[in-house]
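A.B. asks: One structure is given below, represented as structure tokens, and several questions about it will come after.
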Amino acid sequence: MATLRISSALIYQNTLTHHFRLRRPHRFVCKSMTKTTPDTTLVELSRRSGNYQPSPWNHCYLLSIENKYASETEVITRDVLKKKVKSMLDDEKKSRLEQLELIDDLQKLGVSYHFEIEINDTLTDLHLKMGRNCWKCDKEEDLHATSLEFRLLRQHGFDVSENIFDVIIDQIESNTFKTNNINGIISLYEASYLSTKSDTKLHKVIRPFATEQIRKFVDDEDTKNIEVREKAYHALEMPYHWRMRRLDTRWYIDAYEKKHDMNLVLIEFAKIDFNIVQAAHQEDLKYVSRWWKDTCLTNQLPFVRDRIVENYFWTVGLIYEPQFGYIRRIMTIVNALVTTIDDIYDIYGTLEELELFTSMVENWDVNRLGELPEYMRLCFLILYNEINGIGCDILKYKKIDVIPYLKKSWADLCRTYLVEAKWYKRGYKPSLEEYMQNAWISISAPTILIHFYCVFSDQISVQNLETLSQHRQHIVRCSATVLRLANDLGTSPTELARGDVLKSVQCYMHETGASEERARDHVHQMISDMWDDMNSETKTACNSSSRSRGFKEAAMNLARMSQCMYQYGDGHGCPEKAKTIDRVQSLLVDPIPLDVNRLG
């Protein structure tokens, strides 16, 4: 599997010099593409436009970016610091709270992937001690430690009951809970987002109480602690469990450096590692930018979104660790094809043309290319070649033919696109339930995640392929639903203005007569419910294989990425209006400056 996934040790040593060589089978070139073939129709058709702006990222500029703080010297320094951090984890003299805070810092600083075994061993030990002692949080000083332990254990797949908060819940319900420990309240708030549907007290008591207390704190003009106030604002804006990990790492590095008790070794290790990982991401980005330019799709199809950087940004949210560069590159190609085909169905194609394209994808027969309108031929040929190429790589190195499953995922996607196109063309207004039955697939998450499974898994299971292909993996449906609803909340005003099919908010309004505000609140609650379901899926994940846990984490990361991308509007289609440009700049372009004399 060395060709598909280079070992982490090799990546760490050669982040700047290694170039992936993605071997592809011979490309099929249809003769009809080598000559000008006019469309059969002579009727001038009225085509819609998405009014998308050109890419804010110039190809030549992307090829020029580099991180000057990620040289071989920095790699050596990082590895020295890594040993020091490992000794902190191995220190048996640390208290329970010190252990928990160190793990939390490593995770938020984006370096926990170096210490997965050590972290799992520590959490396993803490979980066993918790089970033996059967203790509950009944003191103010325990609030932060208990909340943090609950969140970290559940996040890592350990089964922990909400009953450890029973004493505090009783005090909240009787209005006798008094505390000035805002850090403990923030930890309690963050812990509440690891809830499942059965955790009624986390939902109905702890989360509303903690949210109210944090709001009072940030609204208090007498609050002097700027560090804690920023932390509180950040939590209220979006809980940590729902945030895109890598973007939050960039925020937390700056926040951690301002802490009065920050650890100098830890912050320098995190900053150097961030730059080294960023350098790996920059090489990925250059590769996919070259690929995108070589497809000529933006020249041939000027109506589609030119968003290769944004498509790569999604993959960093999906899996950021440097050793997974091959996966990020493949998934960026998948994302770019999804975006292109979505625009053909959403904006440009007539129903007759879209039915032809759907049939072509279902049959997967490149010899029928001439039946398509000319503007669709290049798109289908690139889809055909790329998916067959991915399947060929997997067959060579993993000894299983996944092409039937991959092509089915594209056929399913195109069929749902076609349903929405028919709804729009015919002015049909579906109920929310009918809309969601189609929309959780049309948002492309099932297509994305089956490709991710195939390139990520060392041992591909036919049973897993079947359940993914037949849309029977519940965590995929939950992730897809969050993606769909977040997309609807962020994009529906723009899409409705150009005349698209109703989205979830409008379906609910049309069906119930609710106001837009109430409808949006309902959609937000649907998102929260899906997170509860995903939390249930991972509640006992510590008993699963690392690859199984990795797939579930990727599904959750896709949901996290969607809430990042659509947090301030359409961050994918209109990145200039939704903070995407600034976020990409901070993650993929701008390095973190280093003080070479700081460590002495």
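Even glycines carry a Cβ here, placed using N, Cα and C.
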A.B. asks: Given the ranges 157-161, 342-346, 387-391, 522-526, which one is assigned the annotation motif 'DDXXD motif' in Swiss-Prot?
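C.D. replies: It is 342-346 that Swiss-Prot describes as motif 'DDXXD motif'.
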A.B. asks: Going by Swiss-Prot, ASP342, ASP346, ARG484, ASN487 bind (2E)-geranyl diphosphate; tell me which of ARG290, ARG305, ARG518, ARG520 is listed for that site too.
C.D. replies: ARG305
A.B. asks: What parts of the chain pack near the motif 'DDXXD motif' (342-346), using Cβ distances under 8 Å and only residues at least 6 beyond its ends?
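C.D. replies: Residues 50, 301, 303-305, 354, 357, 376, 379, 414, 417-418, 420-421, 444, 500 contact the motif 'DDXXD motif' (342-346) from elsewhere in the chain.
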A.B. asks: Summarise the motif 'DDXXD motif' (342-346) as counts of helix, strand and coil residues per DSSP.
C.D. replies: 5 helix, 0 strand, 0 coil
A.B. asks: Helix, strand or coil by DSSP: which one applies to ARG305 ((2E)-geranyl diphosphate binding site)?
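C.D. replies: In three-state terms, ARG305 ((2E)-geranyl diphosphate binding site) counts as coil.
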A.B. asks: What is the maximum Cα to Cα distance, in Å and rounded to a whole number, among the residues ARG305, ASP342, ASP346, ARG484, ASN487 annotated as binding (2E)-geranyl diphosphate?
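C.D. replies: That value is 19 Å for the farthest Cα pair.
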A.B. asks: Which residues in the same chain, at least 6 apart in sequence, have a Cβ under 8 Å from the Cβ of ARG484 ((2E)-geranyl diphosphate binding site)?
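C.D. replies: MET436, ALA439, TRP440, SER442, ILE443, ALA445, SER504 - these are the non-local Cβ neighbours of ARG484 ((2E)-geranyl diphosphate binding site), listed in sequence order.
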A.B. asks: Determine the Cβ neighbour count for ASP342 ((2E)-geranyl diphosphate binding site): the number of other Cβ atoms within 10 Å of its Cβ.
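C.D. replies: Step by step: centre on the Cβ of ASP342 ((2E)-geranyl diphosphate binding site), count other Cβ atoms within 10 Å, giving 20.
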A.B. asks: In the three-state scheme derived from DSSP, which category covers ASN487 ((2E)-geranyl diphosphate binding site)?
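C.D. replies: Assignment for ASN487 ((2E)-geranyl diphosphate binding site) reads helix.
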